[in-house]
Structure formats: C-alpha cells, structure tokens
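Student: These came from Swiss-Prot, pasted as-is:
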type	residues	note
ACT_SITE	SER113	active site, schiff-base intermediate with substrate
MOD_RES	SER113	pyruvic acid (Ser)
ACT_SITE	HIS118	active site, proton acceptor
ACT_SITE	CYS141	active site, proton donor
Amino acid sequence: MKSKLKLHGFNNLTKTLSFNIYDICYAETPEDLQAYVQYIDEEYDAERLTQILTDVVDIIGANILNIARQDYDPQGASVTILISEQPVTPTDSQIEESPGPLPDTILAHLDKSHITVHTYPEIHPVDGIATFRVDIDVSTCGVISPLKALNYLIHQFDSDIVTVDYRVRGFTRDIEGRKHFIDHEINSIQNYLSDDTREAYQMTDVNVYQENLFHTKMLLKDFELENYLFGDATRTLSAEQREQVTERLKHEMLEIFYARNMPR
C-alpha cells in the first residue's frame, strides 16, 4: 500500500466534483407535459434534495455546518450545504445573544467546502419532450474526497445522460516544503465508478492531465421506450407513433450527450 503523504500544516487542495444529470421523457399532450413537470417538481423538491445531500455528507465523511434550501415558483429547487472536515463545537459567540455573521463571512466558507444542487425542468414546445436537469457541485477543501459520492448520486436520479467534471486546484506542501498540486492518483473519473454503472453507460473522456482536470460523459446504453413515456402516451401510441417517438427521444439524448444541435 502506498504510504500517505506527510504534509506541513493543513491540506489546502480544493477538489470539486460537478454533475449534470438529465432525465428525459415524452408526453403526448400539453396537459401531460405540464403534469410531468409538476410530478418531477414534487418528486425532487427541496426537502427530498436536502435528504440526498445529507446522505452525501455522510458518505464523504464530512460534517454539516449549515443548510439553506428553497423551492421556486413555477418550478425548480435549490439546496446548499456548508460542510467541514471536523465537527464544529459552538463557540461562545455562537451561543450568546449577539448579531450574527455578515453575509460575506458565510460566502467565504461557501467557497471552501460545500455541496449545492439546483433542478431545471424544461419542455420542448413542439416535440412533446420534457427534460429534467439536476446540477450538483460537491466541493471540498482538505483530505475529504468528493469522488466517494459519485455512484450514489448517479443512482439517486433517473440518469439517462450524465456529464461529470472533476478538478483539483491549489497546492499543499509536504514536510520538506515541496508543493503537491494533487494528492491522489487518477487518470479517469471512470476509475471511481462501480462495475454496474460502467456496464450500464456508454462513456467518453476528455481529460487534461497536466491541469488536473477530468471530464466524463455518460449515455445510458439500454433504451426501453416504456421507461420514457408519461401520461396517455403509455396507452394510446400506435406502432408507427412509437417508432417516431423513439427516434425523437434518441435524437434528443444524443444532442444533449454531444452538447450540440444535430440534423434529423
């Protein structure tokens, strides 16, 4: 086993794992599209997202400092959790009756170690396709690794397409004063995915090793139309319509996966 790096002082590396997770569906009528948005908005409201992120904090071995969450009108939700490596014992200033910290102070902590999630439901105005995007950032400063949350987060959502970015910034010093710009071995985010996840997704990497920047895109391999239909579409589509909807959905998924508009 490789020996641990002996550091001089605190580990100052910032490690950030960013997800964009997409769930795609088809609904035949405008009413069903709106019903899907309403359903997904209730399914992943701020309370549910808070529970998911709280589980992430436990998985990566961190401690919660503060939670802020909000549901939005007409749809969408956000949650931000400030975290630390060690449990925080309240100081006298925190217990006594006195003015709280200024917003700038709180934001300074937010830039160090935090977990955020935002949701974005969206509807295609013509094709009957709805997308639900979840944007998640797990950013830690110190020895805590956000990579531990990778598999859990992918499996918590109906993830048809996933884009993952991981970057390490800053540096830490060893006891001899030598700078270290990364403190662990990695050549791909895929190394940290479970076997079942790797088997379920088509994946491609774009990595810039010298910049400690890693990017993986994931597209679900198996396509079962029934998993993408919502409302009346589950009962009323003819065989020909099912073929057309399948083509539309696959086209939509490829455009999101490659991040570009593609000819039909």
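Note: Cβ is positioned from N, Cα and C throughout, glycine not excepted.
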Student: Can you tell me the CA-to-CA distance separating CYS141 (active site, proton donor) and SER113 (active site, schiff-base intermediate with substrate), as a whole number of Å?
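Tutor: Distance between the two Cα atoms comes out at 6 Å.
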Student: So what sits near HIS118 (active site, proton acceptor) in its own chain, CB-to-CB under 8 Å and at least six residues off in sequence?
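Tutor: When sequence neighbours closer than 6 are ignored, HIS118 (active site, proton acceptor) has GLY76, ALA77, SER78, VAL134, ASP135 within Cβ distance under 8 Å.
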Student: Tell me the coarse DSSP state (helix, strand, coil) of SER113 (active site, schiff-base intermediate with substrate).
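Tutor: The three-state answer is coil.
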Student: Might you list, by sequence position, any residue in that chain lying six or more from SER113 (active site, schiff-base intermediate with substrate) with a Cβ less than 8 Å away from its Cβ?
Tutor: ALA62, LEU82, ILE83, SER84, GLU85, SER139, THR140, CYS141, GLY142, ILE144
